[in-house]
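K.L.:
Have a look at this one before I ask anything.
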Amino acid sequence: MLSMLSIGEGGLWEPRSSSRCLPIPSGMALCQNIGYSAMRMPNLLGHESPAEAVQQSTSWLPLLARECHPDARIFLCSLFAPICLDRFISPCRSLCESVRDSCAPIMSCYGYAWPEILRCDQYPADHLMCISSITNTSVHAHKNKVSDALCLFAVFSVVKLRLTQLKYTPVSLSQFSLASKLDVLKHGPLLGGQIRSHVELWLERDATCVRNMTRHHPRGGTFLVTGTVQGGHLVVNKAYAWQRRDRNLMAAARKWKHHRCRN
């Protein structure tokens, strides 16, 4: 029998009770083909049985389908199906923060907050024994260093576009059509000709998210859209209604458009 861990008052993992090693259930689609086949139970989320872990893990599959972060699966599986070693190995704090920062905006778009049970400050710092990012895509930048963060995070794109409301049709999920002119403030990894097709795919593929982001402007309008490219798809995390009287938005747009990264 192995030592189980729980969260203490300080947010640290502490020994609590006993645990056992079990095969990862074939029904746990979240954690198939992840490089190991046995998990510890109870897991790091307090699930007492494989059946409970399987049931709770299925709610995360739609987020994985959005491909919001390349390490999202390994982060979640380190909690739902922790690898069976001589002790529990939790995710590093930086891994949690990296996944949270990329995926929380997508969850928010669909009306879900990042769960308190996945609060990142409860996990150990990187210099301790923990599971770190396998892609090393996290960005650490001061909140006021937006432009420098854009240089580090090369997959960031910013587009000013106009949306026009469409009449409902059962053939398409999209609520809006895209005007002919796009003002690309930041290309990221996308070429000019690719941006339109990626935005159009976003309008169709994430129609519910688009509707939530534009709910105060159901007839459409001009928006400043920011997002990243994950798994070949544009993942939009913000859509700001374009208003010239909004000085902060205008200043951000100028910075995004004219900033040149330092060598």
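Glycine residues also receive a Cβ, built from the backbone N, Cα and C atoms like all the rest.
Keep in mind it's a predicted model, so treat the numbers as computed, not measured.
I grabbed these lines from TrEMBL:
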- Cys31-Cys77: disulfide bond (DISULFID)
- Cys96-Cys120: disulfide bond (DISULFID)
- 16-133: domain 'FZ' (DOMAIN)
K.L.:
Measuring CB to CB from Cys96 (disulfide bond), give everything in the same chain under 8 Å that is also at least six residues away in sequence.
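P.N.:
In sequence order, the residues whose Cβ lies under 8 Å from that of Cys96 (disulfide bond) (at least 6 apart) are Phe75, Leu118, Cys120, Tyr123.
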K.L.:
Count up the helix, strand and coil residues in the domain 'FZ' (16-133) according to DSSP, in that order.
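P.N.:
Taking the domain 'FZ' (16-133) as a whole: 51 helix, 15 strand, 52 coil.
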K.L.:
Ranking the disulfide-bonded residues Cys31, Cys77, Cys120 by other Cβ atoms within 10 Å, which is at the bottom?
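P.N.:
So among Cys31, Cys77, Cys120, the disulfide-bonded residues given, the one with the fewest Cβ atoms within 10 Å is Cys120.
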